[in-house]
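> Structure in structure tokens, see below.
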Amino acid sequence: MGIALIWSIITILVRWIFSKRRGAISYDSSDQTALYIRMLDVRVRSQVGFEPERRGSHPYLGIDFRTLHSRAESAGSIPARRIRRLFSFQRHLLSSRLLRGAPHLNPLHILDEDYCGQAKCMLEKVGSWNFEIFLFDRLTNGNSLVFLTFHLLNQYGLIELFQLDMVKLRRFLVLVQEDYHNQNPYHNAVHAADVTQAMHCYLREPKLAQSLTSFDILLGLLAAATHDLDHPGVNQPFLIKTNHYLAALYRNTSVLENHHWRSAVGLLRETELFSHLPVEDSLSIERQLGSLILATDISRQNEYLSRFRTHLDENDLCLGHASHRHFVLQMALKCADICNPCRPWELSKQWSEKVTEEFFHQGDIEKKHKLEISPLCDSEANTIASVQIGFMTYVVEPLFAEWARFSDTRLSQTMLGHLGLNKASWSALEPEASGSSEEGESEPGRATEEPSSRALSQGSQES
């Protein structure tokens, strides 16, 4: 009866959270952090008097980023989708009980039991590089990020070790998931769950498993789960050229990454997840979380890669030093963030299609408003294959080659193997796209022309 009562209280609290939730933290003028935390939250903006058209200050753009990628015919289905998520929260509670080995006290929800049983079965193989994240998301009714992150925190013993309050943790994870824009084809909660699962795979690699502390692991998982929080579905150049307030706020520097970090800080403070820790410890978590998330800025790829290569050349990485462990965590998160080309073809192909759809949608908006089209975002000048071949060549291969030097394991070789096969598969498909033109002999090399690394850095949203 004690367990049943506790989870009944959790259910009531969660329903209250969703009905009463407001901003991440109060807009107290004495708290400077509050000025830029979670500024894209519609509910906060409406309560502080911001009008919707001020989301973007470009004279032609009044874009609500939360509906940017919504299709007109599916607009009416969004509330229903949200309602299904809320009702499925019972599955979260049930799965938590199952994961903790507690008996199920309510035998009435047979469908839910079967539903969570399949998800639980998948979680037994969460360390597999072939983990089917799309299937797992379906089995959890769109709640893959909550299920997966909670399971990993529990599996590593972090909930008990850091004495995390179960109600606060559950609330934090649900709010994180809700603050991803699932209308985005790519930058959504499923991507966050995929990155978190990849981070788990890297944390289990021998060099990391033998040296990382529990605090490092906690940071790594939290950073993976929140690294793209509240992503608007457009890239930094778009925000800059439309004079978006976030670009002005962060002075055109790591605009999205700064926002993801501040949004994560806002949720940590809203849920008071670490309020039981000494103030200096909770601030340290926020600061180091920011350092990890900021490392995913693709425009700083060469900076991090050069530093990593230098360490490997000089063989001076000492994982006994906290600063070196943190740097390796940064590199691990960077790898997890863009690991899609290193997954098996069927998974990799789906991710490639989704990210390119997001690119091209941004390009369509730019065309509509007569803005300069961002690199890789013009559907008339690019194909999925050409975008992916360039991305793999200039961004993914160099990073994972160095990661394999650092951690020469079966997983690293598997990832490089998939990368080579996937690149070959896209190369095989590219001539088909170029050959579909009226004149097969006209500009035969155009489709496979390699884009510049600068264009890839500016145009890539896979960060």
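Including glycine, each Cβ sits where the backbone N, Cα and C put it.
Unlike curated records, TrEMBL annotations are generated automatically.
According to TrEMBL, the feature domain 'PDEase' maps to 111-433. Positions annotated as active site, proton donor by TrEMBL: H187. If you look up TrEMBL, you'll see H191, H227, D228, D337 marked as Zn(2+) 1 binding site. According to TrEMBL, the feature Zn(2+) 2 binding site maps to D228. The feature region 'Disordered' is assigned by TrEMBL to 427-463. Residues or ranges marked as compositional bias 'Basic and acidic residues' in TrEMBL: 443-452. TrEMBL lists 454-463 with the feature compositional bias 'Polar residues'.
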> Grab the pLDDT values for the domain 'PDEase' (111-433) and give me their mean, rounded.
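Averaging the confidence scores along the domain 'PDEase' (111-433) gives 96.
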> C-alpha of H227 (Zn(2+) 1 binding site) to C-alpha of H187 (active site, proton donor): distance in Å?
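About 10 Å separates the two Cα atoms.
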> Measure the Cβ-based neighbour count of D228 (Zn(2+) 1 binding site), defined as the other Cβ atoms within 10 Å of its Cβ.
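A 10 Å sphere around the Cβ of D228 (Zn(2+) 1 binding site) contains 28 other Cβ atoms.
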> When you measure from the Cβ of H191 (Zn(2+) 1 binding site), which residues in the chain that are at least 6 apart have a Cβ under 8 Å away?
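In sequence order, the residues whose Cβ lies under 8 Å from that of H191 (Zn(2+) 1 binding site) (at least 6 apart) are Y180, D228, W351.
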> Between the Cα atoms of D337 (Zn(2+) 1 binding site) and the residue listed as 'active site, proton donor', find the distance and write it as a whole number of Å.
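Cα-Cα, rounded: 11 Å.
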